[in-house]
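Now, the feature entries from TrEMBL:
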- 44-140: domain 'Ig-like' (DOMAIN)
- 186-204: transmembrane segment (TRANSMEM)
- 232-334: domain 'Ig-like' (DOMAIN)
- 343-438: domain 'Ig-like' (DOMAIN)
- 443-530: domain 'Ig-like' (DOMAIN)
- 540-635: domain 'Ig-like' (DOMAIN)
- 640-722: domain 'Ig-like' (DOMAIN)
- 741-812: domain 'Ig-like' (DOMAIN)
- 821-917: domain 'Ig-like' (DOMAIN)
- 926-1021: domain 'Fibronectin type-III' (DOMAIN)
- 1036-1061: transmembrane segment (TRANSMEM)
- 1071-1091: region 'Disordered' (REGION)
- 1074-1086: compositional bias 'Low complexity' (COMPBIAS)
Amino acid sequence: MSCSVDFTHLLHSTLQTQSLFFSTFNINTYQKPTSSLLLLSMSPGAQAQQAFRIEPRNLTVRMGATAVLKCEVLRASGTVQWVKDGLLLGPQRSLPGFPRYSMIGKRGQYHLRIENAQLEDDTFYECQAGQSDTSEGIISNAVWLDVLIPPSNPYFTMDMAAYWVAGESYRVTCVAPDAKPEAEVILYKGMFLALFCLYFYIWFLCYRVTALSSDNGRLLACHAKNAALSKPVVTTVTMNVYYPPDAPFIVNLDRDEVRAGRMLMLECVSGSGNPLAALRWSKNGEIVSTTWEADEFARKSRSVLKMVITPADNQAELSCESFNAVSLSPLSITRKLDVFFDPEELTLSGSLEAIEGQEVVLSCLAASSNPPVDIRWWLGYKELNNTVFIREEGDNGGMTTVSNVTHRFSREDNGLMLNCEAFNKGTRFSKIKAAKISVYYPPQKVWLDAPAQDVPLNAGTKVTLICHSTGGNPTPTLTWLKNGKAVAHAPKQTSSDMAAARELHLVLTASDNMATYRCDATNKAKKTISAHAKLLVYFTAVSMKITAHQEVLRQGEVLTLECLAESSNPTANIFWSVGAVRFGVTLSTKHQSGAVTVNSTLLLNLTSQHHKQNVICQAYNPVLEEGANTYYQLNVLHPPEFSSAQPTEIQVEEDEMATIPLLVSANPEGISCVWLHRRETLVKGDPDGSLEIRNATRRDAGLYTIKCENEEGVSQTAITLDVLYACDVTAEKDPVFVNLGGTADLICVADANPIISDMFSWKWLGEEEVEMGEETQEDESGLLTIRNVTRAHAGLYQCTANNGIGLSGSVNVQLVVQFKPELQKGPQWRKVASRGDGSTTAELVCRAEGIPRIDFSWEKKGVLLDLANPRYEEKTVREGSFHTSTLRVVNVSAVMDYAVFSCYARNSLGEDKVDIQLVSTNHPDPPSMFRHVSSTHDSVTLEWIPGFNGGLQQKFRIRYQWDQSVSFQYVDVFPPDATTFTVTGLQPVTVYNFSINALNAIGESDYADNNAVLTITTMCQFGVTRIQISPSELPAYMTAVFTFVIGIVLMLNVLGCFLGLRWKKKCDQRGTFSSSRSSQSSVRNSNKYESGEKINTAAQRTLLIDSGSETESHVYESCDDSHYYYHPTIEYRPSLRPVPEERRGLGETQLCLWPNNSKHIYHLYDVIIPICVLSRCSRCRPPSCEPRQPCI
């Protein structure tokens, strides 16, 4: 649709339409709707009529602004309110329901304020005062609030991102929406007015624009403006106008003539165009390059073509084309190339070799070139002019040139260079083809170096014949011939400038006797010169042959053989031999052509040993002292025979491959062999093979029979297979039961081969060492006999057998020692505590060890307990040899149940009894067997057996004191149930007295072992001090004296330490319980269960580690022996006097001193000598020592 309308006429029509629209609403003729709004009648006697002082007027505002319609009423007595488009807004000044509306002003002023004016506010308004008792109602003139709306950003309705084509017209439409009043729209192209449009609500004006190439990159602007704006709103787009490029041109090609091989770098340039031109190169109509680059700044495109000129480019048309997206057709430029090029090659034809005096025609061909070449001939330094030229069209638009020359060659031309020269006038370049001329002529003389014909030579002698030749071109070829036939094994000839020689090395044979040897000399001149010689040769028989009279040979028959020795010089003698045996012969001779033939006969009695043996016939020549021989191999038929090397016994280890060899021979060799084992046929084997048994087992052992036969008979032999296998050990009886004190026989049986002596060994698998019994062996059985069996012997024993084959075999045998029940009877087993108020349940535990099975029974006060009574429950648990019976007493009553319960344990070997007293909870019993385990210089490890805990959790407290302490020290054992503990923080070589008791929540016990005291002396610790010595301060004799003295001191020190250790050992043995011997004896008598209650070694080690931490202990100190006041100190440690330690340098000595006894020993030597000095006997003396008695 075309929009080319007269713009002025269209604008005028539009303005008339707008005026007509607004004339339809006449404010002055607006009819007031009075019937529904106000009642204007006035009652009689009205006074002070209301009147408008200020009436509202028409108002125009921009959307979003605040509009104020003024209304002021004089003598207002009725309700004043505003009407919007016939709707009462209300008498309140805040105008509820209309958040943007309010009435403002002073008394009598009722101005309507509208904030943020919107299009919905664009209507008519009235101000009215209602009727009152004194006045009639009044209504103002209707006024119009005109809300102006500025246009939104204009936009183009077409796709402005698409490109325009120069010369074409386009319909451009710009829309400025949402304006009131209508917007005025103006289009600008660059700085020039393009067109004018008015937009009326839903329709608009448009125009057509013709694109020009100059418009590319210009801005097309759309300006929109109405009364609501002071400045127009603008939308711009950049015009993208496509137009074709300029015609291209070629740079760097000044002339059409170029030389082949030159690198041309041609540049094709095309200016202008949008988009910039695309360039492409073509040669002879074929595109060769489509690569270009665009320079937007310079507004041009360029394409570089790199081209190496070849002869094929001659007369080629080279074109460059430019085009873009709007080009109707590409623009191009074309250049035609004239390429100068040389011939690729010169070809020289014709024979370059000639016999002296021969006339030869030679030809020189120059390949295609531009321009054509000129050809000249040269032989040596002489130009040959007898030439003929021929030119023809060649490749790539060039011309080929041929030159022929004719010449007769002489001996003097030999070795000269023949040159063909081609010159190109266009490229100013010459090319030469050269060849060497060869002229041939025959040799002049030939002769031989050879032995004289009458001198005899023995066969086998090495003889060298030499043939010499002089003259000739080329050097003649020398050929040796024997009796007219060429000799193939002659060495290569040797040649010099004027002569040649060739040797012939011969090892003389019978065929060389009187043979003619000739040497021929020939070359390319095709003329032969010869020389010859003859030899006299002595030789043995040329050939020997043995003939048998019988075809089939069997053992026991007589064989006749004849031997023929042909052609020997001089006559030969015949000898026969079979192995080391020689035989007599009968001879006959025959002479022929100077050679002698000899015949001989042999008679031989055949045996099987002759099979495959060689019968040798030898012809010996006494003159030559050598001979020739031949042999006849005997094929004697005989039945199978086994070799003397056939083994009769084979040994193999089990699971290995057993190979039983078969060594048998027979003739004919078609032997059928059968292997038999235990009367069963195993396999029919090849007589050359062996019997292989893979993964041989002990079941495969035994006698194997081999039976072989052929056409001549049958033979057989036997072989024993011995399978060796490792020990497979089993127990003859497991487990083995034996009573305590009896004799146990543990027997294991080995299935093995071989059975050897001392192949059995026994091992105890328990943790503790026991005395093993006597080990014996009876054939395949190993026996371990243990006499006077104790309970320590019970456990696993391992029997191992090894016969040297494979791995050892072993089996475990369980020895079970049967003994009568033994109940545990320690203090903790003899008492059970529980409250007797009828609210608790007591558990009495009876634990016994014994084999076989133990049965329990319970008595109370000597009367068998009725376990059917619901107040008593019994449960027995068995774990190995240990049996535990638990008796639960429900609702313990002090009157009924505080009594002695007896537990009986019985089996087939006896019974045992323990009495358990049920008592009330109380303080614990004292520990027992308090003893010294080990000690160091600052610690002591102690051990004890707990007593009855009184029915509550108990713990232990260690009390200790030394001779200089003013009070006791106390340490609480941790963990509370430990039975070993290490007291740390002690002083070296100090006598300590230790005691221990138990505590629970009710109270504490007496000290262990009837308040016995355990006396222990800590060990010695060496310290380090320093003595500065200056060797230069004393004379030499003093140095010797001090050396002697120090040596004596060292010896005394060593002796003192030895005696001190022995004394300490006696102290430990004699002084441990010296102060309470009677108490200890009573304790020993009352604690017979000691062996059954001690903690095992592994548990003891664990307790030593866990309880050795001093920070987990509590130390207490008492000021009075009779009354104890406990003061816990977590980090308390007994104070020790420090031993000073200093850095020791050269000239210092080391002394080992006891604490608090620093003695300085001076000497003159720069050596370090440790010295141990004991301080006072009061710190280390045994009870028998006197006060201040020295220890060293």
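Glycine is no exception: its Cβ is also placed from the backbone N, Cα and C atoms.
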Seminar exercise, completed: Most Cβ pairs under 8 Å to the domain 'Ig-like' (540-635), of 44-140, 443-530, 741-812, 821-917, goes to 443-530
Problem set entry | Residues in the domain 'Ig-like' (232-334) grouped by DSSP into helix, strand and remaining coil | 3 helix, 58 strand, 42 coil
Exercise. Looking only at the domain 'Fibronectin type-III' (926-1021), what are its DSSP counts of helix, strand and coil residues?
Worked result: 4 helix, 45 strand, 47 coil
Problem set entry | Local confidence of the domain 'Ig-like' (821-917) - pLDDT mean | 91
